[in-house]
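Step one of this worksheet: look at the structure below.
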Amino acid sequence: MHRRRSFGVRVRDRRVAGWLFMLPLIAVNVVVVLVPAASSVYYSFTDWSGIGGANFIGLQNYAQLLKDGEFLNGLWHNILWTIFFLIVPMAMGLFGAYALTRIRRFQLLFRVLYFIPYIVASVVNASIWRSILDPQSGIGALLHINPLGNPSLALWSVEFVNNWAWWGFLVVVFLAAMSGISPSLYEAAEMDGAGPVRQFFSITLPGIRPTFAFLGLMTIIWSFLAFDYVYVLTQGGPAGSTDLLSTVLYRDAFSNLQGGYASAIGVVMALISAIVVVGYLVLRRVRKWEI
Amino acid sequence: MSATLTRRTLLAGSGAAGLTALLSACSGGSGGEAGQIQFWNNFSDATQVKYFTDHIAQAYPGPGTVTVSNKSSNTIDRLIQTALAAGSGPDVIVTPGPSTGVTEYTKAGYLLDLEPYAKKYGWDTVFAKWALDASRIGGKLMTLPTSYESMVYYVNPATLSKLGLTAPTTLEEFEAFNAEAKAKGVIPIAAGNADWKGANEWHLVIALNHAAGPEAVYSALKGETKWTDPVFVDAISKLAGWFKKGWYGGGVQNYFTNNFPTVYKQLASGQAASMISGTWEFSNLGPYFGKAAGNSADWDWTTIPSLGSTTKNDVFDLAIGQSAGVNAHSKSVKDAASFLNFMTTDKKVLVDAVVEKDFQLPPIQVSAADFGSKADPRTVRLYTQLSAAKSIGYTTWTFFPQQTETYMINYFENVITDKLSVQDYLAGIQQKFDPELKAGKVPTAPAPTGVASS
């Protein structure tokens, strides 16, 4: 006799099936994310060299961080980096996207052109820009400056190069968000005599607020993970002027063979990101901000 | 009997299989199969890989057969560390000299004690004593030096002739040479660290051994003299002053952005009057000089000038460019040790590799007669002079412990950009050095008047 299964049982089966489909992915994540992350936390409390065994030393690594000039220097540069990327590329991305919404012809072409640097490997981008900025044969020779060799300019120069590859991505994302805003709002505003600037601040920006907030959040997180452009262009130099937490971590882990200490830096970096994410969630869920 | 496979079983099975496959891929085995000798190295180019594979790996008579895998110079140490931590890795393990990673590998039990093989193969009579001593940890031989090198002073004879200059041999001549070259619009010393921050330590080695002198460095390495001693303050102050005068790379800022091809081109084109670097450059300069570069430029080398009041100009800074040991977890320990012996002691194979593809010799006894008529006379002169050297200096990458070395490289940039005083820089070196000396991480150094080949 064929027995019809109840609705509840079918729903439960679907849920189980869903989890089973997720199982391989969860397994991969446990192996490549959870276990290394837990290992990092564990090793941050040890004197591990990165090779062989480790001895538990409590909070010594974290106490050392507070006195470590290289760590504090890297942290300060990360803060500067974050501020730059929260302002310059976000503004360029917003402006670029808003400008593109105003044109019909060649819009696709511009979107592609803006996006291309983002899909080129960072090592390639950085190597090309190293040649372009060369003080003897590139822009540096024309302007009589050495953007990557001058400690006062180096961090801004690396940020400029990274931004060159980054802002086009923001244009495309903001443009997609702006396309979701009803054209009737702009038509009504125009009839009321609002100009493009007023329309941007009164319609566009509120209309893309969730996207804007999300990209701001991700910018902060990604800024604390920045590594590749600095490593290729300056290796943290000259004289530590472009050192970020990631380059300090890399040096401590692989040049100084202080794996435990480098793990502590990694944990601090993760904590900074976690604080940002928690802040975002609090604003969304507790304060009910529409972001 | 028929078996039905439900969707649930299929999903669970596939998940378990995926996880098993992933974990299997992660774990691997230690080394290769028995009789298979895995060798990873960072060769300078594809022609060296082919030469090594054809003329050394395949020429190895056994026991065991060798598989060569080339890795990038930037990643080989990380790859080996990771593989060893996973209980795997090559059977013959290379490191960038005896002071880099070898102590940690030894502590972790990754390296085989080579003393029994030293007796078996008679390595004490083949290798220079200083090189084997530097390769011992706690009295046990953990690695063998596979290449050795020194710092030298490179010139382009045509440029010197054009400028009416000769290679300097004393401090006064060195300063006059650089001042005159600069006055004539030529960069006195081609230099740059854009490709490798470690280039900083090459110049530090010159200041320490040729301005302060090898005796002072030897004493400091033994912990008898502080790095803050006035003799080092004077030496590093001189070096920093020369940098700030724009003698290196055309200025401090340009030094930070000059890459190696730029440096070589400056020497070849006459834009620079000299270059101070290691003997590993013999294999790098070829493409920029003569037929290969489509020009008539030539290069030559001489010893580093004396840069102190009491130092000599015949000091050769000794360096082990690469060390190699045997993976303690290898399934082919004896075969790997046998291959290690072959690739570091077979004089004909080694000299041929130097002559044909500019490989570097390990610190073994060689004479001019060992090189055939095809050999570059500059190379023959190098190895015969190195073998006969009576006065030696100490390179940071061979005789200094790792954290001290890293500090010296990174913070020297702060000194030449006026962010750190020489005194504070040297105090920082002392701060790094003390615990490493106490922990036994300073490799054994030979006395400065020792003979390089003994």
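For all residues, glycine too, the Cβ spot is worked out from N, Cα and C.
Look at TrEMBL and you will find A:75-280 tagged as domain 'ABC transmembrane type-1'.
Outside the transmembrane segment (A:20-45), and at least 6 residues removed from its termini, the chain residues within Cβ reach (under 8 Å) are 54, 56-59, 61-62, 259-260, 263-264, 266-267, 270. Sequence annotations record features per position, and here TrEMBL assigns transmembrane segment to A:20-45 (among others).
According to TrEMBL, the transmembrane segment annotation covers A:79-100 (among others). Tertiary neighbourhood of the transmembrane segment (A:79-100): same-chain residues 107, 110-111, 114, 155-156, 159, 162-163, 166-175, 177-178, 200, 204-205, 212, 215-216, 219-220, 222-224, 226, 244, selected by CB-CB distance under 8 Å and a gap of 6+ residues from either end.
For A:112-132 (among others), the entry in TrEMBL reads transmembrane segment.
Within its own chain, the transmembrane segment (A:164-186) has Cβ neighbours under 8 Å at 85, 88-90, 92-94, 96-98, 100-101, 111, 113-118, 120, 122, 125, 129, 199, 203-204, 207-208, 210-212, 215, counting only residues six or more beyond its boundaries. Look at TrEMBL and you will find A:164-186 (among others) tagged as transmembrane segment.
Among the features that TrEMBL reports, transmembrane segment is placed at A:207-227 (among others). Within the chain carrying the transmembrane segment (A:207-227), a Cβ under 8 angstroms from the stretch's Cβ atoms is held by residues 78, 81-82, 85-86, 89-90, 93-94, 162, 170, 173-174, 176-178, 180-181, 185, 244-247, 250, 269, 272-273, 276-277, 280, 290-291, all 6 or more beyond its ends.
The transmembrane segment annotation in TrEMBL covers A:261-283 (among others). Here the transmembrane segment (A:261-283) has Cβ contacts under 8 Å with residues 37, 39-41, 43-44, 48, 50, 61-62, 64-65, 71, 213, 217, 220-221, 224-225, 245-246, 248-250, 252-253, 289, 291 of the same chain, all six or more residues outside its ends.
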